[in-house]
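Student: Mind looking over this structure? Questions follow.
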């Protein structure tokens with residue numbers, strides 16, 4: 001086999017494999033969207049119907065069903081996820097800078113923070129419920145922001161530590177020689193250079209917070225309910241309203257998708273810095 005034919009076969013095989021993987025990963029999303037457009041009879045039909053007359057009745061149920069405030073659930077998730085992403089950057093970037101450049105907490109703080117990520121979230125569920133019940137944070141957006149912030153601190157620290165280690169220290173030394181303080185150097189030198197890391201932390205935190213279910217279920221009652229818990233309300237004692245669940249999920253995916261597209265250029269570089277030395 002000639003080199004040209006081998007290259008053609010290799011390229012064709014790679015594209016075929018990529019196409020198969022793309023279909024496999026896209027099928028659940030496509031099936032969810034199609035399910036949201038089917039009638040209840042089409043959803044329960046066997047074998048599944050791939051050709052059908054679309055209907056938007058499930059989307060109408062999601063937004064206009066009596067006693068079901070999906071718009072509020074959506075607003076709660078957006079506000080909580082954005083606030084958690086912003087606060088995590090504010091907390092973790094200075095902490096990572098202190099760890100890398102000044103060695104503060106390198107021996108204990110970073111390992112302790114990372115170890116929190118190894119524990120299952122259910123470990124903290126009951127303690128958080130008790131504390132929130134006593135402090136008035138139960139069923140509040142602030143409470144969900146705080147619990148998600150704690151859960152994402154290890155990830156934020158790891159990414160920012162790896163990122164800051166890759167930054168040229170000469171720029172900071174020049175700033176110090178010009179009389180800049182550590183805070184000024186962090187704000188004027190490190191922060192502008194850290195945009196890829198900030199983008200990576202922001203998008204991963206946003207997605208994690210948006211998809212979080214356990215604490216959103218245990219720590220909310222009515223006012224601070226998020227879309228993940230809201231979608232589960234269509235699972236009733238009389239059965240699962242699959243069309244309504246699919247419609248709720250289809251709508252809930254849109255903000256995450258838009259946010260991911262907005263900062264995707266920072267994601268790969270931000271999470272791979274420090275991986276190769």
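Quick reminder: no glycine exception, Cβ is built from N, Cα and C everywhere.
The model shown is predicted, which means the values in this text are computed figures rather than measured ones.
Features from TrEMBL:
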type: TRANSMEM; residues: 12-34; note: transmembrane segment
type: TRANSMEM; residues: 73-97; note: transmembrane segment
type: DOMAIN; residues: 74-263; note: domain 'ABC transmembrane type-1'
type: TRANSMEM; residues: 109-132; note: transmembrane segment
type: TRANSMEM; residues: 144-165; note: transmembrane segment
type: TRANSMEM; residues: 185-207; note: transmembrane segment
type: TRANSMEM; residues: 214-239; note: transmembrane segment
type: TRANSMEM; residues: 245-263; note: transmembrane segment
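Thinking about packing and proximity, how do these listed features fit into the structure?
Tutor: Using a Cβ-Cβ cut-off under 8 Å and counting only residues 6 or more beyond its ends in the same chain, the transmembrane segment (12-34) has close neighbours at 50, 246, 249-250, 253.
Remote same-chain residues near the transmembrane segment (214-239) are listed as 68-70, 72-74, 76-77, 80, 121-122, 125, 128-129, 132, 137-141, 143-144, 147-148, 245, 248-249, 251-252 (criterion: CB distance under 8 Å, separation of at least six residues from the stretch ends).
Tertiary neighbourhood of the transmembrane segment (245-263): same-chain residues 29, 32-33, 35-36, 58-59, 61-62, 70, 74, 77-78, 199, 202-203, 206-207, 210, 227-228, 230-231, 234-235, selected by CB-CB distance under 8 Å and a gap of 6+ residues from either end.
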